[in-house]
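> Shown below is the structure under consideration.
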Amino acid sequence: TKASVGFKAGVKEYKLTYYTPDYEPHDHDILAAFRVTPQPGVPPEEAGAAVAAESSTGTWTTVWTDGLTSLDRYKGRCYNIEPVAGEENQFIAYVAYPLDLFEEGSVTNMFTSIVGNVFGFKALRALRLEDLRIPPAYTKTFQGPPHGIQVERDKLNKYGRPLLGCTIKPKLGLSAKNYGRAVYECLRGGLDFTKDDENVNSQPFMRWRDRFLFCAEAIFKSQSETGEIKGHYLNATAGTCEEMIKRAVFARELGVPIVMHDYLTGGFTANTSLAHYCRDNGLLLHIHRAMHAVIDRQKNHGIHFRVLAKALRMSGGDHIHAGTVVGKLEGERDITLGFVDLLRDDFVEKDRSRGIYFTQPWVSLPGVIPVASGGIHVWHMPALTEIFGDDSVLQFGGGTLGHPWGNAPGAAANRVALEACVQARNEGRDLAREGNEIIRKASKWSPELAAACEVWKEIKFEFQAMDTL
């Protein structure tokens, strides 16, 4: 690769340069685990090396300008390949990237390199990024979440239990005033948060400024009546970064505690800009993962959500939707809890049974609160409390607004169910075994909860799991 060797034109096998089984990864390398499905006749070593090359310094032919740089210093290296158990012709290729390949503090640049061109590569039938190890040296170039779990609890003055939320439905079509009314009723009934749906931005039936004003009124009215701090996730997502920041500025001027962003459709550059604004101005930031299933649903191609979750923790967000394990949206228990730990904890050990391919130290990057949302109702409360623990937001949209008596009773039912589960857990009871009994007993003292129990006693969303190891 040095100029003195002389330049020899032509196409050579990637594995001669980029497959290095003897390489010991450095502490400051970014490590990636790819699930590779090569085309028939392509050896796994060549496929793994091709991934390393095309996502770092390589191109399809030898170029004479290779002689002007130290390829050994900058190239990605495929350092290990292992077959995937139970799958024919699938391999996990481990690739190490030198840190100098990436711009500091830019998730955008990291993804452009690692998953940019290589996913359209002809030698591969399919390719999936299963996990990334982000070294502390790179992590420290990111601000991360605007505030993190502990600061959020201090701002809200809420401790020792999960937080309760509700997405306002119907998601599209309400006028701003009716929307604000639904927000008020839910918050007044006992919820901590209400939420704009991900596709509520600024449409003809409800412009963003009107919605912000009516929701702020609902927040302050419910706060003064309950003595609790309340919030509504005001969706600041917009067509341009400038417009998004303008909406966040208006939210700050109204004095509300939290705004929201759709981080995948909005993009990582916009998300990181908003996260910086939120930290500088005391706003919490709720993140919705709209579009994630386009990227992470296929088992053999795309990017696993645990990578998107890590990227969000780096880019910045205080809450992110993370599946439910029990509702209508997909999420397998061990795998979901794997990326929930990656969002919340300071240090996560490698654990292949939960899909965690690398030990991940987060140094002092604040944590993100996972949000369980999608098809959940009061009967799920014991399971959700046990699975997600205190540092979570449990979000019941239809499970609040679908209550036969209205929005406020729906909120009250959820709050009573949650308080009953937390109390039972603190007394040492087994929520998994005794959950239904705990809810039934609580419903004797809460007519709202009793009505909710009756409505949703038969509802189940049971389909085969897609996300298996």
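Please read every residue number as a count from 1 along the shown chain.
Cβ atoms here come from the backbone N, Cα and C positions, even for glycine.
Marked as substrate binding site by Swiss-Prot: Asn117, Thr167, Lys171, Arg289, His321, Ser373. Annotation comment: Swiss-Prot describes Lys195, Asp197, Glu198 as Mg(2+) binding site, evidence class sequence analysis. Feature annotation from Swiss-Prot assigns N6,N6,N6-trimethyllysine to Lys8. The annotation N6-carboxylysine is assigned in Swiss-Prot to Lys195. Annotation comment: Swiss-Prot describes Lys328 as site 'Transition state stabilizer'.
How about a rundown of where these features are and what they're close to?
The Cβ of Asn117 (substrate binding site) has 11 other Cβ atoms within 10 Å, all protein chains considered.
Spatially close to Asp197 (Mg(2+) binding site) yet at least six residues away along the chain are Thr167, Ile168, Lys169, Lys171, Leu172, Asn235, judged by Cβ distances under 8 angstroms.
For Lys195 (Mg(2+) binding site), the same-chain residues 6+ apart in sequence whose C-beta sits under 8 angstroms from its C-beta are Gly165, Cys166, Thr167, Ile168, His232, Tyr233, Met260, His286, Gln395, Gly397.
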> C-alpha of His321 (substrate binding site) to C-alpha of Glu198 (Mg(2+) binding site): distance in Å?
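Spelling it out, the Cα of His321 (substrate binding site) and the Cα of Glu198 (Mg(2+) binding site) are 11 Å apart.
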> Whole-number Å only: compute the distance from the Cα of Glu198 (Mg(2+) binding site) to the Cα of Arg289 (substrate binding site).
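Glu198 (Mg(2+) binding site) to Arg289 (substrate binding site), Cα-Cα distance: 8 Å.
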> If you count, for each of the binding-site residues Lys171, Arg289, His321, the other Cβ atoms lying within 10 Å of its Cβ, which residue has the minimum?
Lys171
> Across the record's substrate-binding residues Asn117, Thr167, Lys171, Arg289, His321, Ser373, the largest CA-CA distance in angstrom?
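With Asn117, Thr167, Lys171, Arg289, His321, Ser373 as the binding residues for substrate, the largest Cα distance is 37 Å.
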> Count the Cβ atoms, other than its own, that fall within 10 Å of the Cβ of Thr167 (substrate binding site), considering every protein chain shown.
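Thr167 (substrate binding site) is surrounded by 24 other Cβ atoms within 10 Å.
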